[in-house]
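One structure is given below, encoded as C-alpha coordinates.
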Amino acid sequence: MDFDVLVIGAGPGGYHAAIRAAQLGLKVACAEMGAVGGVCLNIGCIPTKALLHAGETIANTRHAADFGLSYGPATLDIAKMNGWKDGIVKKLTGGVAGLFKANKVTHLVGQASFIDANTVKIGDKTYTASSFIIATGSEPATLKGLDVDQVAIVDSTGALNVPDPVPARMLCVGGGVIGFEFAHIYNNLGSKVKVIEFLPNIIPGADADAVKEFGKIMKKQGIEIVTRMKANSAQKQADGVHVELENVETGEKTTEVFDRVLVAVGRRPRTAGLNLEAAGLKATERGFIEVNTRMQTGVPHIYAVGDVAGNPMLAHKAMKEGLVAAEVIAGKPSEQDAVAIPGVVYTSPELAWVGLTEQEAIDKGYKVKTGLFPMSASGRAMTLQSTEGFVKMVVEEGTDLLLGVHIVAAHASDLLGEAGLALEMAATASDVALTIHAHPTLGEAVLEAAESVHKQAIHIVNR
Amino acid sequence: RPVIHAAPSVRRLARELGVDIAQVRGSGPAGRVSEDDVRAFQKGGS
(Lines of atoms letter the chains of each structure in order from A; the text may use other names.)
(Lines give C-alpha, C1' and ligand atoms only; values in the text may rest on other atoms or scores of the structure.)
Protein backbone atom coordinates (compact mmCIF):
# COMPACT_ATOMS: atom_id res chain seq x y z
CA MET A 1 0.00 0.00 0.00
CA ASP A 2 1.23 3.51 -0.81
CA PHE A 3 -0.47 5.08 2.22
CA ASP A 4 -2.16 4.13 5.49
CA VAL A 5 -4.77 6.80 4.85
CA LEU A 6 -5.70 8.68 1.71
CA VAL A 7 -7.95 11.66 2.39
CA ILE A 8 -9.97 12.95 -0.56
CA GLY A 9 -10.53 16.68 -0.16
CA ALA A 10 -8.52 19.29 1.73
CA GLY A 11 -11.38 21.34 3.19
CA PRO A 12 -11.87 21.68 6.97
CA GLY A 13 -12.89 18.00 7.33
CA GLY A 14 -10.14 16.69 5.07
CA TYR A 15 -7.23 18.72 6.40
CA HIS A 16 -8.21 18.02 10.01
CA ALA A 17 -8.40 14.31 9.21
CA ALA A 18 -5.05 14.33 7.39
CA ILE A 19 -3.18 16.23 10.12
CA ARG A 20 -4.63 14.18 13.01
CA ALA A 21 -3.90 10.92 11.17
CA ALA A 22 -0.29 12.08 10.67
CA GLN A 23 -0.04 13.11 14.33
CA LEU A 24 -1.02 9.56 15.24
CA GLY A 25 1.86 8.14 13.20
CA LEU A 26 0.04 7.14 10.02
CA LYS A 27 1.39 7.61 6.50
CA VAL A 28 -1.04 10.09 5.01
CA ALA A 29 -1.87 11.61 1.64
CA CYS A 30 -4.47 14.25 0.96
CA ALA A 31 -5.85 14.68 -2.55
CA GLU A 32 -7.31 18.03 -3.59
CA MET A 33 -8.41 19.09 -7.06
CA GLY A 34 -8.78 22.75 -6.15
CA ALA A 35 -7.15 24.92 -3.52
CA VAL A 36 -6.22 23.54 -0.09
CA GLY A 37 -8.54 24.82 2.61
CA GLY A 38 -11.60 23.91 0.58
CA VAL A 39 -14.79 25.95 0.46
CA CYS A 40 -14.49 27.35 3.99
CA LEU A 41 -11.12 29.02 3.55
CA ASN A 42 -11.36 29.88 -0.14
CA ILE A 43 -14.98 30.72 -0.94
CA GLY A 44 -16.88 30.33 2.32
CA CYS A 45 -16.37 31.12 5.99
CA ILE A 46 -13.22 33.18 5.79
CA PRO A 47 -13.86 35.57 2.86
CA THR A 48 -17.45 36.20 3.98
CA LYS A 49 -16.30 37.06 7.49
CA ALA A 50 -13.72 39.45 6.03
CA LEU A 51 -16.42 41.26 4.02
CA LEU A 52 -18.77 41.26 7.01
CA HIS A 53 -16.06 42.96 9.05
CA ALA A 54 -15.51 45.55 6.34
CA GLY A 55 -19.24 46.25 6.16
CA GLU A 56 -19.56 46.44 9.93
CA THR A 57 -16.66 48.88 10.13
CA ILE A 58 -18.41 51.16 7.63
CA ALA A 59 -21.63 50.96 9.67
CA ASN A 60 -19.69 51.74 12.84
CA THR A 61 -18.36 54.99 11.37
CA ARG A 62 -21.98 56.18 11.32
CA HIS A 63 -22.65 55.12 14.92
CA ALA A 64 -19.48 56.87 16.10
CA ALA A 65 -21.25 60.22 15.73
CA ASP A 66 -23.17 59.27 18.91
CA PHE A 67 -20.04 59.87 20.97
CA GLY A 68 -18.81 62.81 18.99
CA LEU A 69 -16.51 61.16 16.48
CA SER A 70 -17.22 62.39 13.00
CA TYR A 71 -15.63 61.54 9.71
CA GLY A 72 -15.68 63.15 6.35
CA PRO A 73 -17.65 61.23 3.77
CA ALA A 74 -16.38 57.63 3.95
CA THR A 75 -14.93 56.35 0.71
CA LEU A 76 -14.53 52.67 -0.03
CA ASP A 77 -11.92 51.38 -2.43
CA ILE A 78 -13.72 48.20 -3.46
CA ALA A 79 -10.74 46.74 -5.32
CA LYS A 80 -8.65 47.20 -2.20
CA MET A 81 -11.29 45.59 0.00
CA ASN A 82 -11.53 42.57 -2.33
CA GLY A 83 -7.74 42.36 -2.40
CA TRP A 84 -7.47 42.55 1.41
CA LYS A 85 -10.00 39.72 1.69
CA ASP A 86 -8.13 37.63 -0.89
CA GLY A 87 -4.90 38.23 1.04
CA ILE A 88 -6.38 36.72 4.20
CA VAL A 89 -7.55 33.70 2.22
CA LYS A 90 -4.09 33.28 0.69
CA LYS A 91 -2.40 33.50 4.07
CA LEU A 92 -4.68 30.88 5.62
CA THR A 93 -4.55 28.43 2.71
CA GLY A 94 -0.78 28.82 2.71
CA GLY A 95 -0.92 28.00 6.40
CA VAL A 96 -2.71 24.73 5.70
CA ALA A 97 -0.16 23.82 3.03
CA GLY A 98 2.58 24.56 5.57
CA LEU A 99 0.90 22.35 8.17
CA PHE A 100 0.73 19.52 5.61
CA LYS A 101 4.45 19.87 5.02
CA ALA A 102 5.29 20.05 8.73
CA ASN A 103 3.17 16.96 9.44
CA LYS A 104 4.56 15.09 6.39
CA VAL A 105 1.17 14.83 4.72
CA THR A 106 1.66 14.14 1.00
CA HIS A 107 -0.41 16.60 -1.01
CA LEU A 108 -1.72 15.03 -4.22
CA VAL A 109 -3.16 17.42 -6.80
CA GLY A 110 -6.16 16.41 -8.85
CA GLN A 111 -9.56 14.77 -8.88
CA ALA A 112 -9.54 11.39 -7.13
CA SER A 113 -11.57 8.60 -8.62
CA PHE A 114 -11.97 5.11 -7.15
CA ILE A 115 -10.75 2.16 -9.24
CA ASP A 116 -11.53 -0.35 -6.53
CA ALA A 117 -12.03 -0.24 -2.75
CA ASN A 118 -8.29 0.22 -2.12
CA THR A 119 -7.18 2.18 -5.17
CA VAL A 120 -7.82 5.66 -6.51
CA LYS A 121 -6.73 7.31 -9.71
CA ILE A 122 -5.51 10.90 -9.50
CA GLY A 123 -4.50 12.39 -12.82
CA ASP A 124 -2.68 9.59 -14.67
CA LYS A 125 -1.35 7.96 -11.49
CA THR A 126 -2.92 5.38 -9.20
CA TYR A 127 -2.45 5.18 -5.45
CA THR A 128 -3.36 2.47 -2.97
CA ALA A 129 -4.28 2.96 0.68
CA SER A 130 -5.51 0.82 3.60
CA SER A 131 -8.15 3.41 4.51
CA PHE A 132 -9.83 6.32 2.77
CA ILE A 133 -11.57 9.38 4.13
CA ILE A 134 -13.97 11.00 1.69
CA ALA A 135 -14.21 14.72 2.46
CA THR A 136 -15.40 16.08 -0.88
CA GLY A 137 -17.72 18.71 0.56
CA SER A 138 -20.62 20.40 -1.14
CA GLU A 139 -21.53 23.00 -3.74
CA PRO A 140 -24.27 25.61 -4.02
CA ALA A 141 -27.68 24.23 -4.95
CA THR A 142 -29.07 25.70 -8.15
CA LEU A 143 -32.54 27.02 -8.83
CA LYS A 144 -34.46 26.32 -12.02
CA GLY A 145 -35.01 29.50 -13.99
CA LEU A 146 -32.13 31.37 -12.34
CA ASP A 147 -28.95 30.71 -14.31
CA VAL A 148 -25.88 31.76 -12.34
CA ASP A 149 -23.40 33.77 -14.47
CA GLN A 150 -21.37 34.96 -11.42
CA VAL A 151 -21.81 38.57 -12.55
CA ALA A 152 -25.46 39.65 -12.41
CA ILE A 153 -26.81 36.37 -11.05
CA VAL A 154 -24.42 34.91 -8.53
CA ASP A 155 -24.11 32.12 -6.03
CA SER A 156 -22.14 32.59 -2.81
CA THR A 157 -18.84 32.31 -4.71
CA GLY A 158 -19.75 35.10 -7.14
CA ALA A 159 -21.16 37.25 -4.34
CA LEU A 160 -17.69 37.33 -2.74
CA ASN A 161 -16.47 39.53 -5.57
CA VAL A 162 -18.06 42.84 -4.73
CA PRO A 163 -18.54 44.80 -7.96
CA ASP A 164 -17.62 48.47 -8.38
CA PRO A 165 -19.95 50.27 -8.13
CA VAL A 166 -21.84 48.26 -5.51
CA PRO A 167 -25.18 47.05 -6.95
CA ALA A 168 -27.92 49.56 -6.15
CA ARG A 169 -30.63 46.91 -5.93
CA MET A 170 -29.80 43.45 -4.62
CA LEU A 171 -32.02 40.39 -4.23
CA CYS A 172 -31.07 37.47 -2.00
CA VAL A 173 -33.05 34.36 -2.88
CA GLY A 174 -33.00 32.29 0.31
CA GLY A 175 -33.28 33.59 3.87
CA GLY A 176 -30.83 31.19 5.46
CA VAL A 177 -27.44 31.85 7.01
CA ILE A 178 -25.63 32.48 3.71
CA GLY A 179 -28.43 34.67 2.33
CA PHE A 180 -28.46 36.88 5.41
CA GLU A 181 -24.71 37.23 5.70
CA PHE A 182 -24.52 38.51 2.12
CA ALA A 183 -27.65 40.65 2.62
CA HIS A 184 -25.89 42.22 5.60
CA ILE A 185 -22.64 42.77 3.69
CA TYR A 186 -24.29 44.43 0.69
CA ASN A 187 -26.68 46.43 2.88
CA ASN A 188 -23.71 47.88 4.78
CA LEU A 189 -21.88 48.58 1.52
CA GLY A 190 -24.84 50.65 0.32
CA SER A 191 -27.06 48.30 -1.68
CA LYS A 192 -30.81 48.28 -1.19
CA VAL A 193 -31.31 44.63 -0.27
CA LYS A 194 -34.38 42.40 -0.39
CA VAL A 195 -34.36 38.87 1.01
CA ILE A 196 -37.02 36.39 -0.02
CA GLU A 197 -37.61 33.07 1.72
CA PHE A 198 -39.82 30.23 0.56
CA LEU A 199 -40.55 28.98 4.09
CA PRO A 200 -42.70 30.85 6.65
CA ASN A 201 -39.57 31.69 8.68
CA ILE A 202 -36.04 32.87 7.99
CA ILE A 203 -32.96 31.05 9.36
CA PRO A 204 -34.48 27.58 9.56
CA GLY A 205 -33.20 25.60 12.55
CA ALA A 206 -32.85 28.60 14.86
CA ASP A 207 -35.10 29.34 17.84
CA ALA A 208 -38.34 31.12 16.88
CA ASP A 209 -37.92 33.94 19.42
CA ALA A 210 -34.31 34.51 18.38
CA VAL A 211 -35.28 34.54 14.70
CA LYS A 212 -38.06 37.04 15.39
CA GLU A 213 -35.67 39.37 17.20
CA PHE A 214 -33.01 38.90 14.51
CA GLY A 215 -35.46 39.64 11.70
CA LYS A 216 -36.65 42.79 13.47
CA ILE A 217 -33.09 44.07 13.76
CA MET A 218 -32.23 43.25 10.14
CA LYS A 219 -35.35 45.11 8.98
CA LYS A 220 -34.40 48.09 11.13
CA GLN A 221 -31.03 48.12 9.39
CA GLY A 222 -32.86 48.49 6.09
CA ILE A 223 -33.04 44.94 4.76
CA GLU A 224 -36.44 44.07 3.31
CA ILE A 225 -37.54 40.54 4.27
CA VAL A 226 -40.40 38.71 2.58
CA THR A 227 -41.29 35.14 3.55
CA ARG A 228 -43.46 32.65 1.66
CA MET A 229 -42.07 33.99 -1.60
CA LYS A 230 -40.12 32.29 -4.37
CA ALA A 231 -38.29 33.40 -7.51
CA ASN A 232 -39.51 31.70 -10.68
CA SER A 233 -37.16 33.18 -13.26
CA ALA A 234 -34.54 35.84 -13.82
CA GLN A 235 -33.82 37.54 -17.15
CA LYS A 236 -30.95 39.90 -17.80
CA GLN A 237 -32.03 43.04 -19.60
CA ALA A 238 -30.42 46.41 -20.24
CA ASP A 239 -31.87 47.97 -17.07
CA GLY A 240 -31.07 45.03 -14.79
CA VAL A 241 -32.17 41.53 -13.91
CA HIS A 242 -35.93 41.08 -14.18
CA VAL A 243 -37.02 38.57 -11.56
CA GLU A 244 -40.45 37.02 -11.46
CA LEU A 245 -41.46 36.61 -7.83
CA GLU A 246 -44.35 34.49 -6.67
CA ASN A 247 -46.23 34.62 -3.39
CA VAL A 248 -46.32 30.96 -2.38
CA GLU A 249 -49.66 31.29 -0.61
CA THR A 250 -51.69 33.42 -3.02
CA GLY A 251 -49.92 32.46 -6.24
CA GLU A 252 -49.70 36.17 -7.07
CA LYS A 253 -46.82 36.97 -9.40
CA THR A 254 -44.86 40.22 -9.71
CA THR A 255 -41.74 41.20 -11.60
CA GLU A 256 -39.04 43.29 -9.94
CA VAL A 257 -35.75 44.57 -11.29
CA PHE A 258 -32.43 44.16 -9.50
CA ASP A 259 -28.79 44.87 -10.29
CA ARG A 260 -27.56 41.68 -8.66
CA VAL A 261 -29.32 38.49 -7.66
CA LEU A 262 -27.83 36.04 -5.17
CA VAL A 263 -29.08 32.47 -5.27
CA ALA A 264 -28.55 31.03 -1.77
CA VAL A 265 -31.08 28.24 -1.52
CA GLY A 266 -28.87 25.65 0.12
CA ARG A 267 -25.98 23.39 -0.73
CA ARG A 268 -25.78 19.86 -2.07
CA PRO A 269 -23.20 17.18 -1.32
CA ARG A 270 -20.53 16.64 -3.95
CA THR A 271 -19.57 13.14 -5.06
CA ALA A 272 -19.34 13.63 -8.84
CA GLY A 273 -16.30 12.01 -10.41
CA LEU A 274 -15.47 9.96 -7.32
CA ASN A 275 -16.73 6.76 -8.96
CA LEU A 276 -18.14 5.59 -5.63
CA GLU A 277 -19.58 2.44 -7.21
CA ALA A 278 -16.09 1.06 -7.87
CA ALA A 279 -15.46 1.21 -4.13
CA GLY A 280 -18.74 -0.52 -3.37
CA LEU A 281 -20.44 2.65 -2.20
CA LYS A 282 -23.61 4.44 -3.19
CA ALA A 283 -24.79 7.91 -2.28
CA THR A 284 -28.29 8.39 -0.87
CA GLU A 285 -31.04 9.89 -3.00
CA ARG A 286 -30.06 13.34 -1.69
CA GLY A 287 -26.41 12.69 -2.56
CA PHE A 288 -24.96 12.12 0.91
CA ILE A 289 -22.68 9.25 1.87
CA GLU A 290 -24.15 7.54 4.93
CA VAL A 291 -21.87 6.97 7.92
CA ASN A 292 -22.09 5.68 11.48
CA THR A 293 -20.90 7.64 14.55
CA ARG A 294 -17.35 6.41 13.83
CA MET A 295 -17.67 8.02 10.40
CA GLN A 296 -17.48 4.63 8.66
CA THR A 297 -19.42 4.10 5.44
CA GLY A 298 -20.95 0.77 4.44
CA VAL A 299 -17.43 -0.23 3.34
CA PRO A 300 -15.68 -0.31 6.75
CA HIS A 301 -12.24 0.96 5.69
CA ILE A 302 -13.76 3.89 3.80
CA TYR A 303 -14.88 6.84 5.90
CA ALA A 304 -16.78 10.00 5.01
CA VAL A 305 -16.77 13.31 6.89
CA GLY A 306 -18.17 16.83 6.58
CA ASP A 307 -20.78 18.17 4.17
CA VAL A 308 -20.75 15.03 2.04
CA ALA A 309 -21.60 12.92 5.11
CA GLY A 310 -24.77 14.79 6.04
CA ASN A 311 -26.27 17.85 7.69
CA PRO A 312 -25.63 20.27 9.25
CA MET A 313 -23.15 21.49 6.64
CA LEU A 314 -20.86 23.41 8.97
CA ALA A 315 -17.07 23.67 9.03
CA HIS A 316 -16.70 22.86 12.73
CA LYS A 317 -18.83 19.73 12.31
CA ALA A 318 -16.58 18.63 9.43
CA MET A 319 -13.45 19.37 11.49
CA LYS A 320 -14.69 17.23 14.39
CA GLU A 321 -15.70 14.40 12.06
CA GLY A 322 -12.29 14.54 10.38
CA LEU A 323 -10.60 14.08 13.74
CA VAL A 324 -12.93 11.19 14.63
CA ALA A 325 -12.28 9.37 11.34
CA ALA A 326 -8.50 9.74 11.71
CA GLU A 327 -8.57 8.56 15.32
CA VAL A 328 -10.75 5.54 14.54
CA ILE A 329 -8.37 4.55 11.73
CA ALA A 330 -5.47 4.85 14.19
CA GLY A 331 -7.25 2.43 16.52
CA LYS A 332 -8.56 4.98 19.02
CA PRO A 333 -12.05 4.58 20.51
CA SER A 334 -13.21 7.86 19.01
CA GLU A 335 -16.80 8.72 18.18
CA GLN A 336 -18.86 11.66 16.95
CA ASP A 337 -20.85 12.00 20.17
CA ALA A 338 -21.23 15.78 20.39
CA VAL A 339 -24.28 16.86 22.36
CA ALA A 340 -24.68 19.97 20.26
CA ILE A 341 -23.24 21.60 17.15
CA PRO A 342 -23.32 25.39 17.31
CA GLY A 343 -24.74 27.52 14.51
CA VAL A 344 -23.85 31.15 13.82
CA VAL A 345 -25.00 33.95 11.52
CA TYR A 346 -22.11 36.46 11.50
CA THR A 347 -24.14 39.61 10.98
CA SER A 348 -24.03 42.53 13.45
CA PRO A 349 -25.48 41.70 15.84
CA GLU A 350 -24.85 38.00 15.40
CA LEU A 351 -27.40 35.24 15.77
CA ALA A 352 -25.88 32.17 17.39
CA TRP A 353 -27.25 29.07 18.98
CA VAL A 354 -26.27 25.73 20.42
CA GLY A 355 -28.45 22.88 21.62
CA LEU A 356 -32.21 22.57 21.37
CA THR A 357 -34.58 25.36 20.46
CA GLU A 358 -37.54 25.80 22.81
CA GLN A 359 -39.81 24.09 20.28
CA GLU A 360 -37.40 21.19 19.70
CA ALA A 361 -37.14 20.64 23.46
CA ILE A 362 -40.95 20.58 23.78
CA ASP A 363 -41.22 18.23 20.80
CA LYS A 364 -38.71 15.89 22.47
CA GLY A 365 -40.97 15.70 25.50
CA TYR A 366 -39.05 17.94 27.88
CA LYS A 367 -40.87 20.08 30.37
CA VAL A 368 -39.21 23.38 29.55
CA LYS A 369 -38.33 26.52 31.47
CA THR A 370 -36.70 29.49 29.78
CA GLY A 371 -34.61 32.42 30.89
CA LEU A 372 -34.07 35.62 28.97
CA PHE A 373 -31.74 38.55 29.42
CA PRO A 374 -31.88 41.53 27.06
CA MET A 375 -28.61 43.09 25.92
CA SER A 376 -30.22 46.50 26.58
CA ALA A 377 -29.62 45.81 30.30
CA SER A 378 -25.91 45.04 29.77
CA GLY A 379 -23.49 47.80 30.69
CA ARG A 380 -20.82 46.38 28.41
CA ALA A 381 -23.28 46.30 25.50
CA MET A 382 -24.00 50.01 26.06
CA THR A 383 -20.29 50.87 25.98
CA LEU A 384 -20.08 48.96 22.68
CA GLN A 385 -23.14 50.69 21.18
CA SER A 386 -24.67 47.28 20.73
CA THR A 387 -27.73 46.90 22.96
CA GLU A 388 -29.94 44.95 20.57
CA GLY A 389 -30.81 41.31 21.13
CA PHE A 390 -30.83 38.93 24.06
CA VAL A 391 -29.58 35.69 25.53
CA LYS A 392 -32.27 33.03 25.83
CA MET A 393 -31.71 29.85 27.78
CA VAL A 394 -33.80 26.70 27.45
CA VAL A 395 -33.67 24.49 30.54
CA GLU A 396 -35.37 21.28 31.66
CA GLU A 397 -37.76 21.97 34.51
CA GLY A 398 -36.98 19.94 37.60
CA THR A 399 -33.43 18.84 36.71
CA ASP A 400 -32.38 22.42 35.75
CA LEU A 401 -30.32 20.84 32.94
CA LEU A 402 -29.31 23.18 30.16
CA LEU A 403 -30.86 22.17 26.83
CA GLY A 404 -30.12 25.09 24.54
CA VAL A 405 -28.74 28.62 24.41
CA HIS A 406 -29.84 31.15 21.79
CA ILE A 407 -28.12 34.48 21.46
CA VAL A 408 -28.76 37.58 19.38
CA ALA A 409 -25.96 39.97 20.31
CA ALA A 410 -22.65 41.43 19.27
CA HIS A 411 -20.00 38.70 19.53
CA ALA A 412 -22.71 36.05 20.08
CA SER A 413 -20.46 33.57 18.26
CA ASP A 414 -17.80 33.99 20.93
CA LEU A 415 -20.32 33.87 23.79
CA LEU A 416 -21.41 30.55 22.37
CA GLY A 417 -18.17 28.83 23.42
CA GLU A 418 -19.20 28.94 27.06
CA ALA A 419 -22.70 27.72 26.25
CA GLY A 420 -21.33 24.84 24.16
CA LEU A 421 -18.99 23.72 26.93
CA ALA A 422 -21.84 23.95 29.44
CA LEU A 423 -24.00 21.70 27.26
CA GLU A 424 -21.21 19.17 26.69
CA MET A 425 -20.49 19.08 30.46
CA ALA A 426 -24.20 18.52 31.19
CA ALA A 427 -24.26 21.74 33.19
CA THR A 428 -27.38 23.04 34.88
CA ALA A 429 -28.54 26.66 34.67
CA SER A 430 -27.35 26.93 38.29
CA ASP A 431 -23.83 25.86 37.26
CA VAL A 432 -23.74 28.76 34.80
CA ALA A 433 -25.31 31.19 37.29
CA LEU A 434 -22.81 30.23 40.00
CA THR A 435 -19.81 30.84 37.73
CA ILE A 436 -18.23 34.26 38.22
CA HIS A 437 -18.24 36.09 34.91
CA ALA A 438 -15.96 39.10 34.50
CA HIS A 439 -17.65 42.49 34.69
CA PRO A 440 -18.28 44.31 32.48
CA THR A 441 -18.49 41.75 29.68
CA LEU A 442 -21.12 40.62 27.21
CA GLY A 443 -20.72 37.14 28.69
CA GLU A 444 -22.50 38.32 31.84
CA ALA A 445 -25.68 38.21 29.79
CA VAL A 446 -25.28 34.41 29.71
CA LEU A 447 -24.97 34.37 33.50
CA GLU A 448 -27.98 36.66 33.88
CA ALA A 449 -30.06 34.57 31.45
CA ALA A 450 -29.30 31.57 33.70
CA GLU A 451 -30.29 33.58 36.77
CA SER A 452 -33.47 34.63 35.00
CA VAL A 453 -34.44 30.95 34.60
CA HIS A 454 -34.80 31.01 38.39
CA LYS A 455 -36.34 34.49 38.36
CA GLN A 456 -33.28 35.85 40.11
CA ALA A 457 -31.62 37.99 37.47
CA ILE A 458 -30.27 41.16 39.05
CA HIS A 459 -30.28 43.72 36.24
CA ILE A 460 -33.84 43.16 35.03
CA VAL A 461 -37.20 42.89 36.75
CA ASN A 462 -38.03 39.19 36.92
CA ARG A 463 -41.54 38.29 35.85
CA ARG B 1 -29.69 8.30 20.69
CA PRO B 2 -30.51 9.22 24.28
CA VAL B 3 -28.83 12.27 25.75
CA ILE B 4 -25.97 11.18 28.00
CA HIS B 5 -25.37 13.49 30.92
CA ALA B 6 -21.60 13.17 31.07
CA ALA B 7 -18.62 15.32 30.17
CA PRO B 8 -16.85 14.59 26.86
CA SER B 9 -13.82 13.15 28.68
CA VAL B 10 -16.07 10.81 30.71
CA ARG B 11 -17.74 9.64 27.51
CA ARG B 12 -14.31 8.98 26.02
CA LEU B 13 -13.24 7.03 29.12
CA ALA B 14 -16.33 4.85 28.81
CA ARG B 15 -15.42 4.05 25.21
CA GLU B 16 -11.84 3.24 26.21
CA LEU B 17 -13.07 0.85 28.92
CA GLY B 18 -15.67 -0.67 26.64
CA VAL B 19 -18.50 0.56 28.84
CA ASP B 20 -21.85 1.47 27.27
CA ILE B 21 -22.36 4.79 29.02
CA ALA B 22 -26.10 4.66 28.38
CA GLN B 23 -26.22 1.78 30.89
CA VAL B 24 -24.39 3.72 33.62
CA ARG B 25 -26.49 5.34 36.32
CA GLY B 26 -25.05 8.77 37.15
CA SER B 27 -24.46 9.62 40.79
CA GLY B 28 -24.12 13.36 40.22
CA PRO B 29 -26.67 16.16 40.22
CA ALA B 30 -29.33 15.70 37.53
CA GLY B 31 -28.00 12.17 37.02
CA ARG B 32 -24.62 13.28 35.72
CA VAL B 33 -22.19 10.42 35.12
CA SER B 34 -18.69 10.79 36.58
CA GLU B 35 -15.45 8.95 35.79
CA ASP B 36 -15.90 7.02 39.04
CA ASP B 37 -19.42 5.98 37.99
CA VAL B 38 -17.99 4.56 34.76
CA ARG B 39 -15.16 2.73 36.56
CA ALA B 40 -17.55 1.36 39.21
CA PHE B 41 -19.90 0.12 36.49
CA GLN B 42 -17.01 -1.65 34.77
CA LYS B 43 -15.86 -3.27 38.04
CA GLY B 44 -19.43 -4.36 38.69
CA GLY B 45 -18.96 -6.36 35.54
CA SER B 46 -22.61 -6.16 34.59
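Every residue gets a Cβ built from N, Cα and C, even glycine.
A TrEMBL annotation is a machine prediction, not a hand-curated record.
Per TrEMBL, active site, proton acceptor is recorded for A:His439. Around the Cβ of A:His439 (active site, proton acceptor), the same chain contributes A:Gly379, A:Arg380, each under 8 angstroms and 6 or more positions distant in sequence.
The FAD binding site annotation in TrEMBL covers A:Lys49, A:Thr136, A:Gly137, A:Ser138, A:Asp307, A:Met313, A:Leu314, A:Ala315, A:His316. There are 27 other Cβ atoms within 10 Å of the Cβ belonging to A:Gly137 (FAD binding site).
Reduced to three states, the DSSP call for A:Gly176 (NAD(+) binding site) is coil. Under the heading NAD(+) binding site, TrEMBL lists A:Gly174, A:Gly175, A:Gly176, A:Val177, A:Ile178, A:Gly179, A:Phe180, A:Glu181, A:Glu197, A:Gly266.
Long-range Cβ contacts of A:Cys40 (disulfide bond) within its own chain (separation 6+, distance under 8 Å): A:Gly11, A:Pro12, A:Ile46, A:Ala315, A:Ala318. Following the DSSP three-state reduction, the secondary structure of A:Cys40 (disulfide bond) is helix. Annotated disulfide bond per TrEMBL: A:Cys40-A:Cys45, in sequence order.
Look at TrEMBL and you will find A:3-322 tagged as domain 'FAD/NAD(P)-binding'.
For A:341-450, the entry in TrEMBL reads domain 'Pyridine nucleotide-disulphide oxidoreductase dimerisation'.
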Item to complete: Report the largest Cα to Cα distance, in Å and rounded to a whole number, among the residues A:Lys49, A:Thr136, A:Gly137, A:Ser138, A:Asp307, A:Met313, A:Leu314, A:Ala315, A:His316 that the record lists as binding FAD.
Response: 23
Worksheet item: From the Cα of A:Cys45 (disulfide bond) across to the Cα of A:His316 (FAD binding site), what is the distance in angstrom?
Response: 11
Fill in: Surrounding CB atoms that lie within 10 Å of the CB of A:Asp307 (FAD binding site), all protein chains
31
Worksheet entry | Local Cβ density at A:Leu314 (FAD binding site) - other Cβ atoms counted within 10 Å | 19
Worksheet item: Of all the binding-site residues given, A:Gly174, A:Gly176, which residue's CB has the most CB neighbours within 10 A?
Response: A:Gly174
Item to complete: Could you break down the residues of the domain 'Pyridine nucleotide-disulphide oxidoreductase dimerisation' (A:341-450) into DSSP helix, strand and coil, giving a count for each?
Response: 39 helix, 33 strand, 38 coil
Discussion item. I'd like the number of other C-beta atoms within 10 A of the C-beta of A:Ile178 (NAD(+) binding site), please.
Written reply: 23
Response to the item:
Pairwise CA distances across A:Gly174, A:Gly175, A:Gly176, A:Val177, A:Ile178, A:Gly179, A:Phe180, A:Glu181, A:Glu197, A:Gly266 (listed as binding NAD(+)) top out, in Å, at 14
